[in-house]
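What TrEMBL says about this protein:
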{"type": "COMPBIAS", "residues": "317-329", "note": "compositional bias 'Basic and acidic residues'"}
{"type": "COMPBIAS", "residues": "345-358", "note": "compositional bias 'Acidic residues'"}
{"type": "DOMAIN", "residues": "17-310", "note": "domain 'Sugar phosphate transporter'"}
{"type": "REGION", "residues": "317-358", "note": "region 'Disordered'"}
{"type": "TRANSMEM", "residues": "12-30", "note": "transmembrane segment"}
{"type": "TRANSMEM", "residues": "42-58", "note": "transmembrane segment"}
{"type": "TRANSMEM", "residues": "78-99", "note": "transmembrane segment"}
{"type": "TRANSMEM", "residues": "105-123", "note": "transmembrane segment"}
{"type": "TRANSMEM", "residues": "130-148", "note": "transmembrane segment"}
{"type": "TRANSMEM", "residues": "168-188", "note": "transmembrane segment"}
{"type": "TRANSMEM", "residues": "200-219", "note": "transmembrane segment"}
{"type": "TRANSMEM", "residues": "239-261", "note": "transmembrane segment"}
{"type": "TRANSMEM", "residues": "295-313", "note": "transmembrane segment"}
Amino acid sequence: MSPKTEQHSRLAVLGTVVFYMVVAISMTLLNKSVLSSTPMPVFLLFCQSAVAVVLLGLENMFGPYKTPRFESSTAKDLIPLVFVNVLGLIFNNACLQYVDASFHQVARGLVLPFTIIVTIVVLHQYPSPLALIAALIVTFGFFSGVLFDPNHASSAASAAVAGKHTSSLGITFGAMSSVSSACHAVLIKRGLASVSNSPISLSYYNNILSTLALIPMFIISGELPSAIRLLSNGGASQFLWGATITGLFGFLISLASFISIKVTSPVTHMISSATRGVLQTMLAVWIFGDVMSRGRIISIFLIISGSVLYVYAKTEDSKKSSKQKHDEVEVPLNPKSLERGDVLFENDVEKDDDEKQR
């Protein structure tokens, strides 16, 4: 590799990591801001998904990535994946509505433990003892935040929609979101097979089907009367602008995830995710005035430390079995990438590259 090529690769990795971190942090903070003024998480998600569909259509016409023709048979195969994904996003937004932005990653801290459990039950794959210790540390981090943080909704943004037991409700939604993310990580393998292992095609189908699925869920959630009042009273401008901007950032997250498949490794994802967690916490304190108790600081530290240890454990396992080919879905190295399935994408891309070289 020439020095110029090596420099380009490093710049590509750095640019992708920074791009994803900025977009992901902005998405969380903007969602928190919108939900604090208009607490309608399902309606917000519907608007964001609709914006993403429009942007995907524009990208298909003018951008480098072309989406496939919509086929009902493929859409039918993706229904389980889309259903789990939509539930996870709804739970995630509902969690963010009721807890501080800095506590959000604590409330969703059980993604890794639940993913290991689902992988054992469904795929019959068992992690190493060190990986289990890492998951245990993450679990301790979750419960230390839940039990020893005196106020999970300490900021003015959280207080605006706070009520009796709402912080406990936010933690419950966070745990449910973690379960959904764990199931999504397993189902995404089948979803990729339905679209010829194309992440951009999967994103295309996922956004269209999610938008359709959110219509009945929006009605069932009871948010329809509030949405009608919002639109009829002339107060929709701020909400719709917020939904449009966050929808744009949601689209950019999908794009960043797709690009990261090509230029970054799971370890890089882990490092960027840990850094993202720290930066998001600092910005939440600065922007929303979140109160960082000792319990919350310890909780975030344990969750990030457990995630780092888990990546180390999986990396060591990978070195030991580097000569073996992995034909089955593995537990992703980076728990933060479970929501996107990046590692699973990487496995498929690597297989395709190997076949082309042969």
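The backbone N, Cα and C atoms fix where each Cβ goes, and this holds for glycine too.
Curation does not apply to TrEMBL; its annotations are automatic.
As a quick check, the transmembrane segment (105-123) and the transmembrane segment (42-58) miss the bar of 3 or more Cβ pairs under 8 A, pairs 6 or more apart, so the two do not touch. Within the chain, the transmembrane segment (168-188) has long-range Cβ neighbours (under 8 A, six or more residues past its boundaries) at 80-81, 84-85, 87-88, 91-92, 94-99, 104, 106-111, 114-115, 117-119, 122-123, 146, 152-153, 202, 329, 331-332, 338-339, 341, 344. In terms of C-beta pairs under 8 Å, the stretch of 12-30, 78-99, 130-148 lying closest in packing to the transmembrane segment (42-58) is 78-99. On the 0 to 100 pLDDT scale, the domain 'Sugar phosphate transporter' (17-310) averages 83 in the predicted structure.
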